[in-house]
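Data block below; observations after.
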């Protein structure tokens, strides 16, 4: 249509083509294929140009297929996206459920989450006579349930995002406290080898709360038993995990949340992969040094060991529903897969890798936790808290995770802002005051939880059970049944099974309030 000069004015032929396309687009909404432009009107890809209102056409270069990812990249993108703070709570979750029951539950929940994710992935393609190529799952919910479905999916998606941001604030306070503690002890030659209840030796493991209630669910930070003088007393007065550090983080993170764009922070997502790989190496090293300490008691508790089957197992199911949660972005991730017919296979392999990673970390930390002398009930919701602040390898892990979370936290805040402001005002950045007010609410929630209830295990299980109720169990099951019913293919075994999934999600959330 044009010569090679990109600044050349649009030719008459190009103008006529543009008018034709505008004519067809006005006949009916772009979602209706019946009145879409016929093939002879649309030029081949090599002749497509971007039409500018200034009367200039720019040729589109490159091939869409070249920007697609091979299966191996797609698989590890899903793995990297799903790997989050839940990996730190896997040993604690297995302890709460019991070793044997915990492994079985992890496998079962992983399979159920995979199946529901598969339903979400194929849901747009099950809608006939509608162009769903750029749809996400909230659009599918709006198609079936109207604005109620759209807003419900948005609200529950916000629960998962804000829950993750609260967990991040608690963990950043934890990691910053221990990092500062390590630097202070090193600078002042403070020896903490005997200052906490734990094992002796080069690989010291501590029990932050030695009198843990076997059926309880609480985390209390380590209290050092040795008084190192007035300097140490002053330091701990201004450097407290719950009283001061959550407020120090405001000065750093609140300005970052107000950035108009989050593209700068997206460059540091590779830190997540590095952190997870380092955690796996750290867990392997600690397990080799500590050895395995297992003794099987199927139903009865002892002073040192926990039974293989415990009634606290819903705490693990709540954690796992967030650990395996990727349903709100799986459609977008899979669009970039080069070979679309391998989507189900690649999704299954990704879930397998995620499940094996969780299983590896959870089983090794639980099995190698030194019992005796310590009780397995000493395993913390953040297993790094079972290692003293002067452990160099754990210090490196905490530092990596701290920098990773500082870069990811503004990204999560950006996602919250885009969805909330976009729905309410139709603009992702309506004004600085609007954005500041939203960010103050988000940061305030993190500070309050880090100050008064810094238990990441409970935060993860409640937020996971809440968001999974709608986005994993209820909406995918209902969408699947409605789609089959409209096709005349719904049978009673399928209806019974998917109704059971809805009840399972509701029971999972309800059980969290009784643990």
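Each residue, glycine too, has its Cβ placed from N, Cα and C.
Automated prediction, rather than curation, is the source of TrEMBL annotations.
The model shown is predicted, which means the values in this text are computed figures rather than measured ones.
For 74-183 (among others), the entry in TrEMBL reads domain 'Amino acid transporter transmembrane'. Summarised by DSSP class, the composition of the domain 'Amino acid transporter transmembrane' (74-183) is 96 helix, 1 strand, 13 coil.
What TrEMBL records for 222-489 (among others) is domain 'Amino acid transporter transmembrane'.
Same-chain residues lying 6+ beyond the ends of the transmembrane segment (72-93) with a Cβ under 8 Å from its Cβ atoms: 102, 106, 164, 167-168, 171, 269, 272-273, 276, 279, 315-316, 319-320, 322-326, 329-330, 333-334, 336-338, 346-347, 349-351, 353-354, 357-359, 361-362, 365-366, 369, 379-384, 456-457, 460, 464. For 72-93 (among others), the entry in TrEMBL reads transmembrane segment.
According to TrEMBL, the transmembrane segment annotation covers 99-121 (among others).
Per TrEMBL, transmembrane segment is recorded for 151-171 (among others). Outside the transmembrane segment (151-171), and at least 6 residues removed from its termini, the chain residues within Cβ reach (under 8 Å) are 84-85, 88, 137-138, 141, 145, 246, 249, 322, 325, 328, 382, 401, 405, 408-409, 412-413, 415-416, 419-420, 423, 442-443, 445-447, 449-450, 454-456, 459-460, 462-464, 466-467, 469-471, 475.
Among residues of the same chain six or more beyond the transmembrane segment (245-263), those with a C-beta under 8 A of the stretch's C-beta atoms are 169, 172-173, 176-177, 180, 239, 406, 409-411, 413-414, 429, 432, 435-436, 439-440, 442-443, 446-447, 450-451. Annotation comment: TrEMBL describes 245-263 (among others) as transmembrane segment.
Look at TrEMBL and you will find 270-292 (among others) tagged as transmembrane segment.
Listed as Cβ neighbours of the transmembrane segment (312-334) (distance under 8 Å, sequence separation of 6 or more from its ends, same chain) are residues 74, 77-78, 81-82, 84, 86-87, 89-90, 93-94, 96-98, 101-102, 105-106, 109-110, 113-114, 116-117, 120-121, 124, 135-137, 153, 157, 160, 163-164, 215, 217, 340, 343, 346-347, 351, 354-355, 358, 457-458, 460-465, 467-468, 471-472, 476, 508-509, 511-512, 514-515. Per TrEMBL, transmembrane segment is recorded for 312-334 (among others).
Feature annotation from TrEMBL assigns transmembrane segment to 346-367 (among others).
Counting residues 6+ beyond its ends, the transmembrane segment (392-412) has Cβ neighbours under 8 Å at 161, 164-165, 168-169, 171-172, 174-176, 178-179, 182, 252-253, 256-257, 259, 262, 265-266, 268-269, 271-272, 274-275, 278-279, 282, 285-286, 384 in the same chain. Per TrEMBL, the feature transmembrane segment maps to 392-412 (among others).
When Cβ-Cβ distances below 8 Å are used as the criterion, the transmembrane segment (432-453) is approached by residues 162, 165-166, 168-170, 173, 242-243, 245-247, 249-250, 253-254, 257-258, 413, 416-417, 420-421, 425, 459 of the same chain, each at least six residues removed from its ends. Taken from TrEMBL, the feature transmembrane segment applies to 432-453 (among others).
If you look up TrEMBL, you'll see 459-483 (among others) marked as transmembrane segment.
If one looks beyond the transmembrane segment (495-514) by at least 6 residues along the same chain, the residues whose Cβ comes under 8 Å of a Cβ in the stretch are 112, 116, 314-315, 317-318, 321, 461-462, 465-466, 468-469, 472-474, 477-478, 480-481. Per TrEMBL, transmembrane segment is recorded for 495-514 (among others).
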